[in-house]
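Engineer: Pasting a structure here, questions to come.
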Amino acid sequence: MAGGRSCVEAHMTVTSPQESRSTLRGLQCGKSVESLVKEPENGFPTSGFFSSEPISSFLWSGIPHGWDNFFRPLHFQALSIVSVSLLAVEKLSDFNPMFFAGLLEAVVAALMMNIYIVGLNQLYDIEIDKVNKPYLPLASGEYSVGTGVTIVTSFLVMSFWLGWVVRSWPLFWALFISFILGTAYSVNLPLLRWKKSAVVAAMCILAVRAVIVQLAFFLHMQTHVYGRPAVFSRPLIFATAFMSFFSVVIALFKDIPDMDGDKVFGIRTFTVRLGQKRVFWACISLLQMAYAVAFAVGLISPCLWSKVVTVMGHAVLASILWARAKSIDLSSKAAITSFYMFVWKLFYAEYLLIPLVR
């Protein structure tokens with residue numbers, strides 16, 4: 001603990017990006033560099049999915065530079081929450097003020113918790129991010145560690161405060177479990193730093209992105225907003241199963257672009273052990289299997305419009321994935337990174353189809 005305090009104090013004395021980079025290079029803090037392992041920041045890629053331009057350039061003005069890389073593409077996480085919340089809608093009259101108030105509560109509380117998780121991971125990954133992602137605000141020295149600590153602490157407190165005052169137990173437990181997993185994933189303490197294990201890291205991502213998002217936010221709308229009994233409908237089961245499978249693929253795929261940094265720091269990911277090509281095509285095969293199952297689910301839907309949309313939608317996504325995969329140059333890190341971002345686009349494109357599964 002003393003080493004951790006001296007580390008933070010040393011960073012907080014830095015007054016410029018140049019000094020920060022110099023200080024970080026020489027800082028030891030009583031820990032080996034190998035202990036400072038890698039991304040995925042709760043499964044999110046590093047910058048916006050479609051552009052590396054700051055979010056502030058198109059959302060609103062006045063946000064400090066670097067917040068886009070520190071916060072990640074939060075608008076896509078909001079999409080996932082909105083999509084799952086729509087599964088609780090049974091009729092047009094359900095689109096009432098209570099729905100929109102409950103949706104806003106869930107989105108704001110979850111995004112603030114995500115800022116905590118992503119920011120905490122960056123705080124513990126400064127050295128390895130200098131290799132894999134030197135443009136991140138902490139790795140580049142744009143933000144001091146003191147600034148990072150202030151940001152993550154503030155958003156953690158605000159997230160729990162909102163979850164408590166709303167009095168929705170599904171929402172509160174979603175925040176609490178995300179906090180526990182996100183902290184254990186990144187913090188470098190005995191029995192923690194779960195991201196050092198490829199299997200445990202995958203399970204953390206699976207729990208948050210596939211299970212908690214689907215179940216907790218659906219139940220928040222179903223029980224807290226609408227006051228209906230908790231049910232596990234066919235669309236909800238499909239969404240949970242499909243996104244669980246997809247999350248496993250992302251957990252495998254996330255290491256492919258970062259193989260060089262992982263080798264340097266001794267991180268034994270599946271990509272390091274098996275090679276980029278084998279892991280890449282294993283991921284593509286798994287995704288094609290998932291789309292085949294989604295295609296079959298659409299075929300047996302009793303609702304004609306849902307059948308047409310889900311069958312055609314998943315067929316199109318599977319075709320695009322296969323065409324893109326066949327054209328990739330696996331010897332190019334830039335091409336692999338671009339494809340990884342493309343996989344995330346497919347992940348969130350699924351959230352456009354999920355509300356239409358009936």
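Just so it is clear, glycine is given a Cβ too, placed from its N, Cα and C backbone atoms.
In case it's useful when we look at the structure, here is the feature table from TrEMBL:
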TRANSMEM  99-124  transmembrane segment
TRANSMEM  145-165  transmembrane segment
TRANSMEM  171-191  transmembrane segment
TRANSMEM  198-219  transmembrane segment
TRANSMEM  231-253  transmembrane segment
TRANSMEM  279-298  transmembrane segment
TRANSMEM  335-354  transmembrane segment
Engineer: Would you kindly check 171-191, 198-219, 231-253, 335-354 and say which stretch has the most C-beta pairs under 8 angstroms to the transmembrane segment (145-165)?
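Structural biologist: Checked against 171-191, 198-219, 231-253, 335-354; highest Cβ contact count belongs to 171-191.
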Engineer: Give residue numbers and ranges for long-range contacts of the transmembrane segment (279-298): same chain, 6 or more residues beyond its ends, CB-CB under 8 A.
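Structural biologist: Here the qualifying positions are 238, 242, 245-246, 248-249, 252-253, 255-256, 270-271, 306-307, 309-311, 313-315, 317-318, 321-322, 325, 328, 330, 336, 343, 346, 353, 357.
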Engineer: What else in the chain is close to the transmembrane segment (335-354), if you only count residues 6 or more beyond its ends and a Cβ gap under 8 Å?
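Structural biologist: For the transmembrane segment (335-354), the sequence-distant neighbours (Cβ-Cβ under 8 Å, at least 6 residues beyond its ends) are 44-45, 49-50, 76, 79-80, 82-84, 86-87, 235, 238-239, 242-243, 246, 249-250, 253-254, 256-257, 276, 280, 283, 287, 294, 309-310, 313-314, 317, 320-321, 324-325, 328-329.
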